[in-house]
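As recorded in TrEMBL, the features of this protein are as follows:
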type   : residues : note
REGION : 19-38    : region 'Disordered'
REGION : 48-73    : region 'Disordered'
REGION : 82-101   : region 'Disordered'
DOMAIN : 110-174  : domain 'Glutaredoxin'
Amino acid sequence: MIIKTLKARILRALKSSLPAAGADSPPPSPTKPPAACVHADAFSDDASFFDAREAETPTKGGHHPSSSPEPLDAWELVDQDGRAVPAPPADPDPLLGFPARCPPGGERGVVLYTTTLRGVRRTFEDCNGVRALLENLAVAFQERDVSMDRGLRDQLWAVTGEKAVPPRLFVRGRDVGGAAQVLALHEEGRLVPLLLPSVPALDKKPKPPASAKCEACGGLRFVVCGECDGSRKVFDGGRGGARCRGCNENGLVMCPLCL
């Protein structure tokens, strides 16, 4: 209805600007062929004028609508001079904005350094908060408890180049940061894009809840060394015991099922 009203107004404006039938007109030029004169009576008051001429409008390439028209090109970006502008590049990896610091074995996964010692309450609570956040997002990550293995603490310090305090999150070889940085990224909605390859799709089988702990370690991520039974010594014949090289200072090794 609105389009028909606009068409009617345009027709009335054209009728008022064109001469009426039989009005005085200049004599025809002897050198130029007579042009078709359009009078106001040639227009009707309805939209049939537009409908009759829209059907005669050729498409791209001069083809008539009745024939098979050539499809119009897709929309493309052009500058003010009409020249085509190349399409913008794809969005870069959001992880490129973080320092390239890759812990051992963390090139393609998510590694979280934590501590389970309650000596410093804030550090302990920060580790629990980041761990719970990743578990709620159903992210497949490897937790490395520095309080259970001194070698993991030295590993964290070597990767960061400083005496970093857990928690510390690494995603595919990039240092995302500590608890404050991780929580800030989550509040801004930028954490999930960083973890997208590690977050399962909606159509996949969901991850078991956090209450379903590992049957081997009970969720501690460490088990007793099978070579020394946690004694840190290995006896070979009558020469006495030797230091077990397969476990850490606590006689523990990382759980093979949780790796």
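Yeah, the Cβs are placed from backbone N, Cα and C, and that goes for glycine too.
Broken down with DSSP, the domain 'Glutaredoxin' (110-174) shows 27 helix, 15 strand, 23 coil.
For the domain 'Glutaredoxin' (110-174), the predicted model reports an average pLDDT of 93.
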